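Accompanying notes for the structure given below.
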Amino acid sequence: MARCRDLWSRNLLALSLLFYFLLTLDVHARPANMSSSKDKSLASKDENEILPPDHLNGLKMEMDGHLNKDFHQEVFLGKEMDNFEEDSEPKRNRKKLIEIFTKVDVNKDRSVSAKEMQHWIMEKTKEHFKEAVEENKNSFRAVDPDGDGYVTWNEYKVKFLASKGFNETEVTDKIKKKEELKLDEETQEVLESLKDRWFQADNPPADKRLDEEEFLSFLHPEHSKGMLRYMVKEIVRDLDQDRDWKLTLSEFISLPVGTVENQQGQDIDDDWVKERKKEFEEVIDSDRDGIVTMNELEAYMDPMNEHNALNEAKQMIAVADENQNHRLELEEILRYSEYFTGSKLMDYAKNVHEEF
């Protein structure tokens, strides 16, 4: 018996040391409140089909209030984003980027103006909208088991809990009998949040069920003015500390950051704060009064806001406009390719005239 206890103690110690070692390896971890494109694919495919995604292509902010790190690439590449992965062929990427440049350059003067970039951003945003509509058709079929063209809250709840590992038959039976579902606290909180969003998407006159268009608004609030405002309200509620339904700079940058014990981790936290501060002061706070209202945040979040698209176009040009002519030449886009595509093509900026 004593030998068993000794063996158990040694195993426990070994596991503790392994856990500590794994923790110390994560020196590149970002703060818990920073979004990463790699994190967006962690949920299972089935769950993604029926859950409102945190990340929405073409929106400057995630649904949880984090800044969208891939926004510039999404509104420049549209559905071409998958063709510019980090490990893909640089020459092929260069050729593709040249093709995109020629499309953006509508008047063929070998440079891109802010108006041309604005038009392009709007076109790419519409591509994301169209893609969301197509994905929604599959998602709606997945939660409409009887195919009647409507989904009730209970039908959706069954599919959601099944995606979380609950037995679908048992859940359905309990709901029919109005018996209590034994859910863990986290699942219960998510379910209550989804229920609020669900009934918000139920357009007047409310009939306590969603059709395919309403379900699209549920999954993709950017497709509905009312749901977009509801999403903004949720974000403000989470960040607003004094409950005045406005955001100060300190509130906007005070999301709980990851606990770090080394300088590298602290630098990551500091960079995150700088990015949010810059976005707040230079973009979201449109009247520069130090306060972001619900209307300002809604305008910032609206992907079909043409004024925002023009401002974004000017900012994107400013990043790579080395000759300060307020336009982009092909060499400049190639030199700053990582900003526009996520792919480094710096070595391929030379000899570009031979291919263009």
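Each residue, glycine too, has its Cβ placed from N, Cα and C.
TrEMBL entries are annotated by machine, without manual review.
The signal peptide annotation in TrEMBL covers 1-29. Among the features that TrEMBL reports, domain 'EF-hand' is placed at 92-127, 131-166, 232-262, 272-307.
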Other same-chain positions with a Cβ less than 8 Å from the domain 'EF-hand' (92-127) and lying at least 6 residues past its termini are 58, 74-80, 83-84, 303-304, 306, 309-310, 312-314, 316-317, 325-330, 333-334, 337, 340-341, 343, 345, 348, 352, 355-356
Sequence-distant contacts of the domain 'EF-hand' (131-166), meaning Cβ under 8 Å and at least 6 residues beyond its ends, amount to 44, 46-47, 49-51, 56-57, 79, 172, 175, 181, 183, 187, 191, 194-195, 198-199, 208-212, 215-216, 219-220, 222-223
The correct DSSP tally for the domain 'EF-hand' (131-166) reads 24 helix, 2 strand, 10 coil
